[in-house]
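Here's the structure, in C-alpha cells; my notes come after.
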Amino acid sequence: MTQQPTTAPIPWTTIGMVVAWYGSNIGVLLLNKYLLTNYGFKYPIFLTLCHMTACTLFSYIAIALMKVVPLQTVKSKVQFAKISGLSVVFCFSVVCGNVSLRYLPVSFNQAIGATTPFFTAVFAFFIIKKREAWLTYTTLIPVVTGVIIASGGEPSFHLFGFIMCVTATAARAFKSVLQEILLSSEGERLNSMNLLLYMAPIAVTCLLPATLIMEENVVGITIDLARKDVKLIWYLFFNSSLAYFVNLTNFLVTKHTSALTLQVLGNAKGAVAVVVSILMFKNPVSLMGMVGYALTVLGVILYSEAKKRYS
C-alpha cells in the first residue's frame, strides 16, 4: 500500500500575515469611506497627505532603525528622477481613489478597481509594445463588460465619482507599467519597501502645496473639528498607520507565499471588502450590480490564468 504524500501545513506566521494584509487593506478602505462620507471629513487630498506622512515616518523606522529589510540606496540623479516620476503618478492615483470614495459606495469602487488588469494590458501594449496571446486579451472582455453592467445597475451612481475612480485605476496600472520601464535594470531595481521609503516623502512635497491651495485652511478646520470631537485625531492616526501597514503586509505576504496564492488572495480580498462594506454602510445594491461585479472578478481570474498559461 503506497503512502499518500502529505502536504506541509501552512505556517501560522503566514496565516497571520494574510489576516493582517486583509485587515489593513479592507480597514483603510472602509475608514477612508467613513471619514470622507459618513463622518463628513471632506478633504481627500489632506487625508492622502496624512497617509504619505505616516508612510515616510514608518518606512524610516522600519528600514533605517529596525532593519526589517536591508536599505537600498539611490545610486544616481537619474534613478532619483525616475522614482520621483513614479511617486507623482502614485500619489495622483491615491488622491483620485480617495476623492471617488466621497461619491461612490465601496462596493462599486471595488468593481471599478478590479479592471486594473485591463488598463495594465492596454498601457503595456501601447507603451512597451508588450503583446499577449489573443486568448489573454479575450478574457478582458468580461472584465470591462462587468463594470458596464455594474454601472448601469448601480443605485448610487455618480458621474464625477465614477470618472475619479476610473482615473485612479488607470493611474495605478500606468504606475506598474512605468515602474517596469524605469526600474528595469538590476542596479536600479528596488523592493517595494525601499521604493516606498523614497516615494513617500516625494509624495508629501507634492501633496503639501496641493492641499494648501485646493483645500484652503484644512489644518485649521481639522483642529476645530478635533476640539469638538477628539476621536478625529485617532481616526486620522489609525487610518494613516493602516495605509503604511497595507504596504508592509503586502510585501511580507508576497515574500512568504507564491504568485498564484497572491492572485487568489487578491481576488478574494476585493469580494470580502464589498461584503463587509455593504454590511457596514448599508448602501443599496442591485442584482444587476452584483452580476456585473461577479462578471468582472471572473474575467480577472480568467485573465490571470491565461497570462500564466501563455506567457
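Placed from the backbone N, Cα and C atoms, the Cβ positions cover glycine too.
TrEMBL does not curate its annotations; it predicts them automatically.
Database features (TrEMBL):
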- 17-304: domain 'Sugar phosphate transporter' (DOMAIN)
- 12-31: transmembrane segment (TRANSMEM)
- 43-68: transmembrane segment (TRANSMEM)
- 80-101: transmembrane segment (TRANSMEM)
- 107-127: transmembrane segment (TRANSMEM)
- 195-213: transmembrane segment (TRANSMEM)
- 233-253: transmembrane segment (TRANSMEM)
- 260-281: transmembrane segment (TRANSMEM)
- 287-304: transmembrane segment (TRANSMEM)
For the transmembrane segment (260-281), sequence-distant contacts whose Cβ falls under 8 Å of one of its Cβ atoms, 6 or more beyond its ends: 18, 21-22, 25-26, 29-30, 33, 38, 105-107, 110-111, 113-114, 253-254, 293, 297, 300-301, 304, 308
Given the transmembrane segment (43-68), which of the listed stretches 12-31, 195-213, 233-253, 287-304 has the most Cβ pairs that are under 8 Å apart from it? 195-213
Intrachain neighbours beyond the transmembrane segment (233-253), with Cβ under 8 angstroms and 6 or more residues off its ends: 14, 17-18, 20-21, 24-25, 27-28, 31-32, 34-35, 39, 41, 47, 50-51, 53-55, 58-59, 62, 68-69, 191-193, 196, 222, 226, 262, 265
